[in-house]
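Here the structure comes first, spelled out in structure tokens, and everything after it is commentary.
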Amino acid sequence: LARSRTVGELLAPTSPFDKKCGRENWTVAFAPDGSYFAWSQGHRIVKLVPWSQCLNNFLLHGTKNVANSVSTRLPRQNSDSGQKNKPCEHIIDCGDIVWSLAFGSSVPEKQSRCVNIEWHRFKFGQDQLLLATGLNNGRIKIWDVYTGKLLLNLMDHTEVVRDLTFAPDGSLILVSASRDKTLRVWDLKDDGNMMKVLRGHQNWVYGCAFSPDSSILCSVGASKAVFLWDMDKYSMIRKLEGHHNDVVACEFSPDGALLATASYDTRVYVWDPHIGVILMEFGHLFPPPTPIFAGGANDRWVRSVSFSHDGLHIASLADDKMVRFWRIDEEYPVQVAPLNNGLCCTFSTDGSVLAAGQDGSVYFWATPRQVSSLQHLCRMAIRRVMPTSQVKNLPIPSKVVEFLCYQI
């Protein structure tokens, strides 16, 4: 089995008391345009670094990189010149333990097929980049990435804000998932007005993710919950049944045709969200536990899952001290890497690097590189605009239909 190549690491500065109380890094994120990388250093601190400079530092100084030493080589922010083009590093004190992070941009992501909506709240022109931080006390703070300034403080959740996701269409709609068993939909164009509360979870909500066209939201939580929501009507579309324990992470494929979910039942499932069937199962324990013990093997709990931008690879992170890279059409990992106490992982915007958070630090690996076949690129182009039901009605050979529906 191939070992993934380490690209670099950002080590949080340690102070003596950290060893005793532990600092947990629950969240890492890349800006949609690839300009910034952010992570929670444990406790209240979020660090924002320009990603290209970060990569250059790895190349110049080898992989080791103590987060503090980066700052000496980055240009200091010059407040009066207001240079937006020169990305600057920021350290943000959120005032409470940070559980979740999400970047939001007023520019639609290239992949989505959405019309950008005119908006007025932040008068910064079209290049607005926001960072949302979800906190232990139920608050969500919204920061300007370029200046590091606090823009909004959203208060409505009564418990930990466990996950955050922005709509990819540039509308600056933010969804938050909380231990108070609700999801909340916020409109940051409208002064952070809370538009809707999504109720349906009987227990903690662990995660949420938008489909690439922003029309569907997936939310996952305790008691095996995987829910799909129609974000035009704010109504539940369906529940996906199959996991045997708490579901803690979810992500759609770049074309929206697949949905990956990670659970404490030691499995990652890949679903067709349009029809609610499981297409692939990636097991992290061999042989897989029987359903009655599926919650018991807690040294194999899967913590995080991320879909690569090539639509072919998925990364997962489990408590057995391993990061795994899977191909969606193979049942065994194609690459692995060691990682203790990892809690979260995400692919970089271009898909070339995987970042994983552990104890306030971040580790980066080169991802499996593969030239996508022309068939797969065509499949993604078609699936971006066609749900499964429409594909099945196409007047084409059944083998092609199966391929387009990811059933081969």
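Just so it is clear, glycine is given a Cβ too, placed from its N, Cα and C backbone atoms.
Here's what TrEMBL has on this protein:
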type	residues	note
REPEAT	124-153	repeat 'WD'
REPEAT	154-196	repeat 'WD'
REPEAT	198-239	repeat 'WD'
REPEAT	240-272	repeat 'WD'
REPEAT	302-336	repeat 'WD'
DOMAIN	364-408	domain 'SOCS box'
DSSP residue counts for the repeat 'WD' (124-153), split into helix, strand and coil: 3 helix, 17 strand, 10 coil
Distal contacts, the repeat 'WD' (302-336) - CB-CB under 8 A, six or more residues away: 1-4, 248-255, 258, 260-264, 266-268, 270, 280-282, 284-285, 342-347, 349-351, 354, 356, 365, 367-368, 370, 372, 376, 380, 406, 408
Within the predicted model, mean pLDDT of the repeat 'WD' (198-239): 96
The repeat 'WD' (154-196), counted residue by residue under DSSP: helix, strand, coil: 3 helix, 24 strand, 16 coil
Tertiary contacts of the domain 'SOCS box' (364-408) (same chain, 6+ residues out, Cβ under 8 Å): 2, 4-9, 58, 111, 113, 212-213, 254-258, 270, 272, 274-275, 279, 308, 310-313, 315, 323, 325, 327-329, 334-335, 337, 347, 351-356
The repeat 'WD' (240-272): DSSP-derived helix, strand, coil residue counts: 0 helix, 17 strand, 16 coil
